[in-house]
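One structure below.
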């Protein structure tokens with residue numbers, strides 16, 4: 001009965017430890033799954049961030065693809081028509097819209113991906129620590145149980161040995177068959193001593209067993225009521241923090257999108273505002289202004305009577321008289337002429353004075369040409385002033401350079417200025433001629449105004465241009481053709497003056513001396529100042545430098561020490 005109860009206790013203890021071990025295994029699997037879930041969610045956010053970056057890149061490329069090329073005819077059209085300006089506004093807003101998706105990707109990376117990656121490492125370390133403590137506690141209680149079992153078995157063994165010694169003593173003491181009394185006495189006395197020793201050993205084993213049992217019960221109580229619950233509590237808190245952290249990340253995931261919504265809304269408002277700024281009447285008036293010719297509407301076509309010759313008879317007059325009589329009926333060149341809307345367009349290249357263009361278009365082209373030449377003259381004048389100043393510097397400081405070396409370049413610049421001035425006078429003369437010949441604008445009948453202005457863009461050939469000069473009333477003659485043809489205007493315009501692009505830096509330089517850039521085009525520098533080089537000396541003794549995005553100009557090459565760098569970045 002005692003042995004059965006003992007086996008039952010051992011079985012219960014084994015089941016208890018087995019259940020505890022099973023709980024640790026289950027918790028270990030669950031917490032590992034929790035870490036994998038966080039890693040999976042982090043991977044999801046990372047892929048979302050990559051999608052946002054890819055989308056932003058595609059949107060930027062789309063906006064860039066449809067942007068007009070700088071200093072091109074397309075850019076000129078965009079500046080002229082409201083619909084084109086609205087489309088350009090849409091492209092710019094779309095570029096900003098792409099920037100917001102880049103912000104989303106950046107915030108997802110910094111606020112979620114980076115934070116969760118760091119947290120996962122901390123979570124793994126904490127989980128490892130908790131389960132290490134649990135295994136250590138489990139191992140300790142198992143070792144304590146093994147000590148208890150060992151002392152119990154020893155106590156049991158010693159009790160059996162004491163019992164056998166006692167039985168042997170009793171047997172020897174009660175045996176009547178022994179013949180020799182001394183031997184009996186000696187054997188009985190030895191058996192008694194053996195029995196007493198075994199009883200003492202059994203008593204010591206009992207005491208030891210009782211001590212181990214008390215110690216084990218205390219440790220077991222602490223294990224199941226304090227230590228293991230404490231470890232389980234820490235694991236539970238760790239899991240709750242993990243779940244809370246994932247929830248916060250999911251909330252941040254939504255907030256990252258919500259934060260950019262106001263700016264995205266402004267981008268969309270900008271697109272809407274651009275669309276609402278479209279002015280159809282203004283755009284159509286720009287077309288009329290661009291293609292109107294300046295010609296006066298033609299007069300009525302005169303009737304040409306060819307039936308007079310049919311009324312003659314042979315008896316009325318001679319052949320010569322009939323010819324004389326028919327002379328007044330011969331149609332004039334003017335009446336046979338072809339009207340300007342039906343002139344054939346010249347197939348040859350345009351002349352230098354743009355005489356192949358209608359008056360208004362010719363005036364615009366000549367004016368643009370004069371403006372371009374005047375800008376070139378200003379550049380040459382600036383260059384001349386810079387050379388003069390350089391020569392003056394050389395005169396005052398001969399060790400810096402030979403003043404006579406500047407004279408050839410000054411002479412060349414003077415010749416260029418003279419040529420440009422002659423060119424400007426030539427085009428200004430043609431411009432004055434056109435402006436003097438252009439008819440005074442009058443208000444045409446309302447039903448004809450649109451028709452004439454859209455037809456006035458038809459260019460004529462060179463012969464027609466000469467006839468125009470001799471026929472101010474706007475009618476022309478053409479002897480070789482009597483067929484009227486209507487051609488769609490196809491007037492090509494020269495590109496507007498190209499704005500100078502910001503030049504990239506090609507190196508750096510250090511100012512060796514102070515230089516006061518008082519003239520236009522130059523820049524003042526202090527001795528020892530570091531600057532960016534954006535254009536090398538082209539043989540004129542000047543180097544173009546930049547201090548910042550708004551300050552750039554020329555300095556004497558001999559005033560600076562240049563360090564060229566082909567990989568220099570734009571300032």
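Along the chain as shown, the residues are counted starting at 1.
Using N, Cα and C of the backbone, Cβ positions are placed for all residues, glycine too.
Look at TrEMBL and you will find 10-283 tagged as domain 'F-BAR'.
Taken from TrEMBL, the feature region 'Disordered' applies to 314-367 (among others).
Regional average pLDDT for the domain 'REM-1' (356-433) in the model is 86. Positions annotated as domain 'REM-1' by TrEMBL: 356-433.
According to TrEMBL, the region 'Disordered' annotation covers 438-489 (among others).
For 445-464 (among others), the entry in TrEMBL reads compositional bias 'Polar residues'.
As annotated by TrEMBL, compositional bias 'Polar residues' applies to 472-484 (among others).
Here TrEMBL flags 504-565 as domain 'SH3'.
In terms of DSSP secondary structure, the domain 'SH3' (504-565) contains 3 helix, 29 strand, 30 coil.
Assigned with DSSP, the residues of the domain 'REM-1' (356-433) fall into helix, strand and coil as follows: 72 helix, 0 strand, 6 coil.
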